[in-house]
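Participant: One structure is given below, represented as structure tokens, and several questions about it will come after.
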Amino acid sequence: MSTTLGTKLKLTIFGESHGVAIGGVIDGILPGIKLDMDYIEAVMKRRMPGQNDMSTPRKEADKAEMLSGVFNGITTGAPIAFEIRNSNQHSSDYEKTKNLMRPGHADYTGYMKYKGYSDYRGGGHFSGRLTAVLTFAGAIASYILEGANIFITAHVLSIGEVIDENLNSMTGSAQLRDKLKQMELPVISEEKEIFMRNLIQDAKSNHDSIGGVVECAVTGVPAGIGNPFFDSVESRLSHMLFSIPAVKGIEFGDGFEMSKARASMVNDQMSIIDGEVTHKSNHNGGILGGITNAMPIIFKTAIKPTPSIAMSQNTVDINNSSDAIIEIKGRHDPCIVPRVVPVIESVAAFVILDMMLDESPEYIKSRWSL
């Protein structure tokens, strides 16, 4: 089982949805950084369940306890170990259906991989519950990046067929960034927000769920970060983004739309402005040859509908190898997309900080006076 990721900055995760706790170990955080716990807890709160009618009613405090690596609020350079206690499990919801493989979940694949020994309650180690660990680690990374004037902004680009405005030229707007972080459904267009909420409520009332797309922008990363081929910026980001259980697709810049265009339309032409190389457009999403060009890194992430729905579905009983019908009980999200937004921001922050510490550590150190 692969539970560690990173190069200079490493994250190891542990735990299961209905176990005692989930948590992680972050190795590689620079010493001497005074952490702002209010900042970190605000990021965690945006992911937290049970806050509105678009989310599961399961309530978890998502309060992380740091066990090492921070002393008097300042990083020591030692690994930061932390845990988040699970406090609101309804494990009995899963007893009657433990032999039924839930469609859209990792029940069957996990059963085959781990010979039936994996914890089936709430998805166990496969659960989106573990994104709380990714979010906490990424919130620390995001705080450090912001101290170096690198900012990450994400929003819900679409729910179903309803599409919000793109970030585009607004990516560097502190006002927009702050606004989105305060919203239950972080979208740019207030009109589209109404339609999205209606779609989510319609799915909920029909015992169904709905997916969408999250758009994310990273600004302030200097040119020259990344590598060609196997360690491209796209590869590194995608590797960790796909650790989010609901993610099923990623595109950078104009992505698949570029396949319909001509080069004259999507080549990001350049000029010198105030002595600096500037791109006149950003169709490639701030990355060329796997390396940053100082334009905003733009990517979109496809989020599938929450697979736990109360409708009757065909499945199999793995114990007696027979067909079966399952109706999933429990507390589930009619749309997970809004809660995924801070997770994607956090994952992006962790990867970007890892790359910066690997290739340009002085850039971070100098801005923190380390």
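Using N, Cα and C of the backbone, Cβ positions are placed for all residues, glycine too.
Swiss-Prot lists Arg47 with the feature NADP(+) binding site, giving sequence analysis as the kind of evidence. Taken from Swiss-Prot, the feature FMN binding site covers His125, Phe126, Ser127, Gly289, Lys304, Pro305, Thr306, Pro307, Ser308, Arg331, and the record attributes it to sequence analysis.
On this model, are these features tucked inside or out on the surface, and what's nearby?
Facilitator: There are 25 other CB atoms within 10 A of the CB of Arg47 (NADP(+) binding site), with all protein chains counted.
DSSP gives Ser308 (FMN binding site) a coil state; it is part of no helix or strand.
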Participant: Any idea what the Cα distance is from Thr306 (FMN binding site) over to Arg47 (NADP(+) binding site), rounded to a whole Å?
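Facilitator: Cα of Thr306 (FMN binding site) to Cα of Arg47 (NADP(+) binding site) measures 15 Å after rounding.
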Participant: How many other Cβ atoms are found within 10 Å of the Cβ atom of Ser308 (FMN binding site), counting all protein chains shown?
Facilitator: 20
Participant: Under 8 Å Cβ-Cβ from Lys304 (FMN binding site), six or more apart in the same chain: what's there?
Facilitator: Gly104, Gly211, Ala246, Val247, Lys248
Participant: Are there any residues in the same chain, six or more apart in sequence, whose C-beta is under 8 angstroms from the C-beta of Ser127 (FMN binding site), and if so which?
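Facilitator: Those within reach of Ser127 (FMN binding site), by Cβ under 8 Å and sequence separation of 6 or more, are Glu16, Ser17, Pro245.
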Participant: Using the alpha carbons only, what distance in Å do you get between Ser308 (FMN binding site) and Arg47 (NADP(+) binding site) once rounded?
Facilitator: 18
Participant: Using Cα coordinates, what distance in whole Å links His125 (FMN binding site) and Arg47 (NADP(+) binding site)?
Facilitator: 18
